[in-house]
Every structure is written in C-alpha cells, then in structure tokens.
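So the structure is just underneath, and the comments pick up after that.
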Amino acid sequence: MAKILVLYYSMYGHIETMAHAVAEGAKKVDGAEVIIKRVPETMPPEIFAKAGGKTQNAPVATPQELADYDAIIFGTPTRFGNMSGQMRTFLDQTGGLWASGALYGKLGSVFSSTGTGGGQEQTITSTWTTLAHHGMVIVPIGYAAQELFDVSQVRGGTPYGATTIAGGDGSRQPSQEELSIARYQGEYVAGLAVKLNG
C-alpha cells in the first residue's frame, strides 16, 4: 500500500477544492491510501476573518509526519510568483527531515492557483526547489491530460501541475476542466507511487 498525502494551504477555498479533486483522482488507484491535510494558518484569526478567509475542515499536518508518506502532492496559492507564506513557513520547519534524508526518494508534485494567471508556473517550479533540496523525485504531469490542449476558454493547467485561475476578486471557482486536470495529477502520482512502493 502506497501512502499519498495531499497537503495544501487555501485561504479562499480554491486550492481546497483542487485538493479534493487531486485526492479523488489518487483514490482511483488500487493500492493507494490517500489522506488530505492542510498546513497551519499563520494569520491571526481576526485578520483571517476580516480578509474573508474560508474555514476548512481538513486536519492540520505537522512537518514531521511528511516522512510517513510515499508521495506528497502540495497545493498552494500563488503569492507574487511564489508559494504562500503559510506553506513556506511549514516547509521551513522541515530542516530535521532534510538533515536525516527522511524525504529522499519520495515523490513530490505541486498544484497551484492564481488570481489572473500570472505566476502559476513559477509558483510550481519555485516549490520544486524545496523538494529538490529534500531529494524528492519531482513529478510534473506533462501534457497527458487532454484538457491542457483546450484553448476555447480561460483556464488554468500547465505541464508542471494543475492550476486554477480565481479571478482578481476570487469569485471564479475551479472549472470542470481544471478539476479534471487536478484529478489526473492525483491519479498519475498515486499510480507511480504504487508502482514504486506497492
């Protein structure tokens, strides 16, 4: 049995929705145990509420538990072309895992969201840098998801990983095409994890 963690941060719910789609895809794979968790919120509760943050039900992960999984699929919104501060703070606490090589050889993949499209690919590839320092095997999705070829509408999605475009005010929710790409990413990573660890 391969253990897959979908680990995310979501302020307004876009990445949370994508995380559930990623997990749904991963659960299609026989031999995959899939768990969804989120990183801790670093914003004071009153500021989070004032900013319109969405309360989420996923359990909160600890950095140390990352070593328990065969694959980790990270989801983060874009903040100026980088991962969110909450995800960065969480990953900055993995120094002990790095020192012991606890994540070496584990699969790592990334999905993201952005307001208007700018920075979505940069967010994924800049997150890969942290995964590389841990010795993780980075898993992009390539162009196997057919939705990536659809240019008839505005949508997220890259060969690096699934993405969604939230709109400048956050009112746009992930489209069916974006969720389909996210499901593909989950299924693809879980399939590889089962092959390697099953």
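Cβ coordinates come from backbone N, Cα and C, glycine included.
Mapped onto three states, the DSSP output places S10 (FMN binding site) in coil. Annotation for S10 (FMN binding site): spatial neighbours E16, T17, A19, R38, K54, Q56, G75, P77, S113, criterion Cβ-Cβ under 8 Å with sequence separation of six or more. Annotated FMN binding site per Swiss-Prot: 10-15, 78-80, 113-118, H133, in sequence order, evidence recorded as sequence analysis.
According to Swiss-Prot, the NAD(+) binding site annotation covers Y12.
Annotated substrate binding site per Swiss-Prot: W98, in sequence order. Under the three-state DSSP scheme, W98 (substrate binding site) falls in the helix class. Within the same chain, residues at least 6 positions away in sequence whose Cβ sits under 8 Å from that of W98 (substrate binding site) are H133, H134.
Annotated domain 'Flavodoxin-like' per Swiss-Prot: 4-189, in sequence order, evidence recorded as sequence analysis.
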Which chain-mates of G118 (FMN binding site) that are at least 6 residues away have a CB under 8 A from its CB, listed by sequence?
T78, G81
Counting other Cβ atoms within 10 Å, pick out the least crowded of the binding-site residues Y12, F80.
F80
For T114 (FMN binding site), the number of other Cβ atoms found within 10 Å of its own Cβ:
22
